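Let me begin by presenting the structure, written as structure tokens, before commenting on it.
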């Protein structure tokens, strides 16, 4: 109905195309004049366009000429001319919209148009892909176009960065693949300074986080986030929207508990009921030890299960698993249950070389470097008998949703976006425009066939493969898991059918296998959408046959002469053209889906592998009542009852439009459910995103060398004002109530800020006859004098360096603690719904309070350390920078995380190091974090010397024990502290019993300015 009214009123998808058509006609009219230009004149057009921009013209003014120039450059360099529909796609991308272009319509070529146009501003453009291979190949393929027009293009990956240089030949690259040979290695910064940069979503996001952990401007690599085109935009902005990018460092956590609970949960049995059934049937005491909620992938223990766990853990009678003393155990129990009963090997992950590797549920690809968060990955490792790695603490994090929304202009392209247009509009403010195909689509999409059992379904799939293979039609079989692909592979082997398997275990051969999936008689089994981004050409890809043809002739490709390679290329073209003609006559590529995905879009992507550029093709999905989607979300009972009433045999399918509509209805419900979750994620993450923006902007100002002297003195003035209010209280309107004053306590507290304030500069006797304001002014004047004295002693330039380093160090330290607190808050906030409160509003309120405390803690860190640190500034700066280098090392090793990313190993010392809030073992009486924190090597040397002296004194010969790890216990989330204050060293307390650092914030800065 909505589509009908859109069409009637002229607001449908065709409207945008009609508005663009006059621009396309203008571009076409310029083609003859542009064709007449020489290469030098074509290149000079770039300088002309830049000058016209400087003179006041807009990119829209330049668009027709710029697109005509790019089209001609493409024809001259790579032999491809943009079709009119590709020009339409380019215009849509320039407008900051999403272009839905079907498979094979040339998205890589389309992107050159808006990238060139927007790069004319000199502010940089990014092309975002889903993997390093596509980024490098796409940029290398289009590189000659940009080079002819005088623009630079670079590519980045986790391992390298390189810039396109036609005069450079990479000795390690395949010499026959021109897309890969001209990549000259360069620095990361140089790659971002290129006019156009290709890379993956992970690398762009991680570079942003690394830049915001840098301690020197020279470490920054990215420029402003100006314009980006996201390839496979639905995969990155929807499928991976809930996957945060996390840079983490190691926490100190033992794996023993994970192994213990992995064994314990195997004694538990699942309930036969779902939560919905328990609710509908009002079952008070369900069978089994736990109930699985499939939608949220969570598990809830029954009363019987709780009792069994308490027996297994030997919890004394009268005590409960949920008592505070046992609370930390629920963390391990929950993860062990999910690992054992929800996460399945060869579906959600694989075990390879003693490592648990996550499998992408949408693409079926392995994701090395990614780790589930909050202990889940360690629980899966324990389940599989793999040594659990240390848990990590978050150093920096951002979601793809918030990263890509920072670009001033964002566009995207994919073959399947229209079904998700509402989400793109509401979350990213992106409109989806469906681009017409160059040739009409003639693929046949048959109705689904549904069977009672999974066994009958797979037998039917094999029969269909056999029929297609017998006549020579290529077949691509899409599966949803590694397990299914290997099951089908075994069945085909037993029938003697030659085939290729493409799944998470073999993705290294992905592009090559997919490229040949269109050859006559080819059978390819692909996990979900593996190979996305690689075209399937009917008859096969000739480039992929060259090595095979040479091998048949007894020639290794690296030893072949140019003449032999050319002969092999001709032979490959002849073979693929002949096979392509035969395959078209047979009906083209046939797609078989073995299970419906939760999202219609993923199913459409699989179908879209056939029927490219007007080629023939067909598709059909085979389902069973035992499939996950139907069991979890579909009306399985109704369909099963219908089959029983009709007396349908297990081996006979139901094939009807009604079934298709029923399944699509289930998919629509799931899509809506997942959309709500992602929208919910954005609403919560937006809270932290605003705070992250404030912190990162503050950090950047410090990094760029802004003079922080006045700001530091204002912070000190605030703290002094707060101390004056604490120690010299006003009483019922009387400003100077000397009986309640503790001037000695005030002086002691102030000396923790400025150790130079001895009796000659500031004493209780000097202050006891002054008013409160006069005392505050006298203290600040004395501190400012000492501050100036320190500047003269070490030099103003060095003092500015100390200020910047101290402020960056304080921000980073407190930000890490804050992120941990926010994670805990996010986990516990759902309980607010039980109290009839809106969790989002409560989250916003708590987050605001935590952020205010974060800022106060940062200020305290700086105030109580800046003057003392200036005495050993060189040594302290070395130690602080060494700590930052450790964090940056973790950042360089970071990969995308479904939760926590890999981090560096924790360094174990031969002496025990205290927690940050524990007394420093050096004997100073100060807390560790304001004494030897950041100077661990010095402390270790001191303690080791003491151990040696003690051993010598008692003639003992016992070796030093390894340092115990930081405690693994976690208090209940309601008790987790929100950030960590940085109080001054321990001193005699004021009458209230509170330390000076706990004094409330005051108005000292404003008073000082007066």
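Cβ from N, Cα, C; glycine included.
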Range among 893-916, 917-940 that Swiss-Prot annotates as region 'Disordered':
893-916
Just to be sure I read the record right: 86, 104, 105, 106, 107, 108 are listed as binding ATP in Swiss-Prot. Which of 535, 543, 603, 627 is listed for the same site?
535
To see if you understand the setup: which same-chain residues, six or more apart in sequence, place their Cβ under 8 Å from that of residue 108 (ATP binding site)?
138, 141, 142
Please list residues from the chain of residue 105 (ATP binding site) whose Cβ is under 8 angstroms from its Cβ, counting only those at least six apart in sequence.
85, 86, 89, 435, 437, 438, 612, 613
Among the binding-site residues 104, 106, point out the residue whose Cβ has the most other Cβ atoms within 10 Å, with all shown protein chains included in the count.
104
Pairwise CA distance, residue 106 (ATP binding site) versus residue 920 (Zn(2+) binding site), rounded so that it is a whole Å:
64
With an 8 Å cut-off on Cβ distance to the 86, 104, 105, 106, 107, 108, 535 Cβ center, who else from the chain surrounds the ATP site?
101, 103, 109, 110
Test of understanding: give the count of other CB atoms lying within 10 angstroms of the CB of residue 535 (ATP binding site).
18
For the binding-site residues listed here (86, 107, 920), tell me which residue's CB has the most neighbouring CB atoms inside 10 Å.
86
Return the member of 104, 107, 535 nearest to residue 920 (Zn(2+) binding site) in space, with distance defined Cα to Cα and candidates limited to these binding-site residues.
107
